[in-house]
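Chemist: This is the structure I have questions about; it appears just below.
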Amino acid sequence: MASLGVNIDHIANIREARRTVEPDPVSMALLAELGGADGITVHLREDRRHIQDRDVELLRQTVRSRLNLEMASTEEMVAIALRIKPDMVTLVPERREEVTTEGGLDVAGQKASLSAMVQTLQAAGIPVSLFVDPEATQLQACKNTGACWVELHTGRYADADWSTQPQELARLQEGTAIAQQLGLRVNAGHGLTYQNVEPIAAIAGMEELNIGHTIVARSVAVGLQQAVRDMKVLVQNPRLDPLFGQAPG
């Protein structure tokens, strides 16, 4: 049964749109936990477009589930993680001009630098996950860095139409199986919604799904606690999917 990590970046996006103090991501994280979130995820970007350093500091003090810090693989971010000590760091690719993360890390192409960061963080007791596309070459490279976790990028699955989504689901199923064979633990996320999450949640070996935008969007209508509750039902009890005919796994 997969657990649910709630990404609260979009709460901070609303705040930063007016450069004001509300809504407060820290208090919203508490509501997400009250709604059943198994963890809280934030992405501290280099340009600080939404989550700010102070948010991460306060979340470390207040989160009672797990705090997953997404960040670029830079010396500045490693130093922040070593000071804050989140429950997990997820290294993600980052470009200032992107609206949101556009793809997985090229771990195979930067194995040496990523290995050094993984070793530094894990030596400090911080587990590291690498955000990658579900490709065998990248997964093997993740294993070679010494990381214990991967987060599979579900963006292509989320963006696919009905005719190609089954193939994208199959890529994620295969990627999960390969990762497990390598001894890696598997999370997934990006672009998942109430409409498409169940086939991913049903993949055998999937441990956690990190989901943000769709939960925050639904919270406008039903409140954050209820939006989290609604998503957790789907993540933990995925039904047979009519598009694919069976629960994947």
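Placement of Cβ uses the backbone N, Cα and C atoms for every residue, glycine included.
Sharing the feature lines straight out of Swiss-Prot:
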ACT_SITE  His43  active site, proton acceptor
ACT_SITE  Glu70  active site, proton acceptor
ACT_SITE  His190  active site, proton donor
BINDING   Asn7, Arg18, Gly191, Gly212, His213  3-amino-2-oxopropyl phosphate binding site
BINDING   Asp9, His10, Arg45, His50, Thr100  1-deoxy-D-xylulose 5-phosphate binding site
SITE      Glu151  site 'Transition state stabilizer'
Chemist: In Å, how long is the longest CA to CA span across Asn7, Arg18, Gly191, Gly212, His213, which the record gives as the 3-amino-2-oxopropyl phosphate binders?
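Modeler: Those residues reach a largest Cα separation of 25 Å.
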Chemist: Of all the recorded positions here, Arg45, His190, which one's CB has the most other CB atoms within 10 A?
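Modeler: Going through Arg45, His190 one by one, the largest Cβ count within 10 Å is at His190.
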Chemist: Near His10 (1-deoxy-D-xylulose 5-phosphate binding site), which residues of its own chain have a C-beta under 8 A away, given they sit six or more steps off in sequence?
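Modeler: Expected: His50, Gly212, His213, Val216, Ala217.
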Chemist: For the recorded positions Arg18, His43, His50, His213, which Cβ has the most other Cβ atoms within 10 Å, all shown protein chains included?
Modeler: His43
Chemist: State the Cα to Cα distance, in Å, between Gly191 (3-amino-2-oxopropyl phosphate binding site) and Glu151 (site 'Transition state stabilizer'), rounded to an integer.
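Modeler: Rounded to the nearest whole number, the Cα-Cα distance is 13 Å.
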Chemist: Quick one: which of these recorded positions, Asn7, Arg18, Glu70, Glu151, His190, have their CA within 10 A of Arg45 (1-deoxy-D-xylulose 5-phosphate binding site)?
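Modeler: The recorded positions passing the 10 Å Cα test are Glu70.
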Chemist: Would you mind checking how many other C-beta atoms are within 10 angstroms of the C-beta on Asp9 (1-deoxy-D-xylulose 5-phosphate binding site)?
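Modeler: Counting Cβ neighbours of Asp9 (1-deoxy-D-xylulose 5-phosphate binding site) within 10 Å gives 21.
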Chemist: Check the recorded positions Glu70, Glu151 for other C-beta atoms within 10 angstroms of each C-beta and report the one with the most.
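Modeler: Its Cβ has the most other Cβ atoms within 10 Å: Glu151.
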Chemist: Quick one: of the recorded positions Glu70, Glu151, His190, which has its CA closest to the CA of Asp9 (1-deoxy-D-xylulose 5-phosphate binding site)?
Modeler: Glu70
Chemist: Between Asn7 (3-amino-2-oxopropyl phosphate binding site) and His43 (active site, proton acceptor), what C-alpha distance do you get in Å?
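Modeler: Checking the Cα atoms of Asn7 (3-amino-2-oxopropyl phosphate binding site) and His43 (active site, proton acceptor) gives a distance of 8 Å.
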Chemist: Run through Arg18, Glu151, His190 for me and report the recorded positions whose CA is within 10 Å of the CA of Glu70 (active site, proton acceptor), in sequence order.
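Modeler: Correct set: empty; none qualify.
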Chemist: To the nearest whole angstrom, state the Cα distance for the pair the residue listed as 'active site, proton donor' and Arg18 (3-amino-2-oxopropyl phosphate binding site).
Modeler: 26
Chemist: Can you tell which of Gly191, Gly212 has the least company, meaning the fewest other C-beta atoms within 10 angstroms of its C-beta, among these binding-site residues?
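Modeler: Checked Gly191, Gly212; of these binding-site residues, fewest Cβ neighbours within 10 Å: Gly191.
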Chemist: Where does Glu151 (site 'Transition state stabilizer') sit in DSSP terms: helix, strand, or coil?
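Modeler: For Glu151 (site 'Transition state stabilizer') - judged by DSSP and reduced to three states - the answer is strand.
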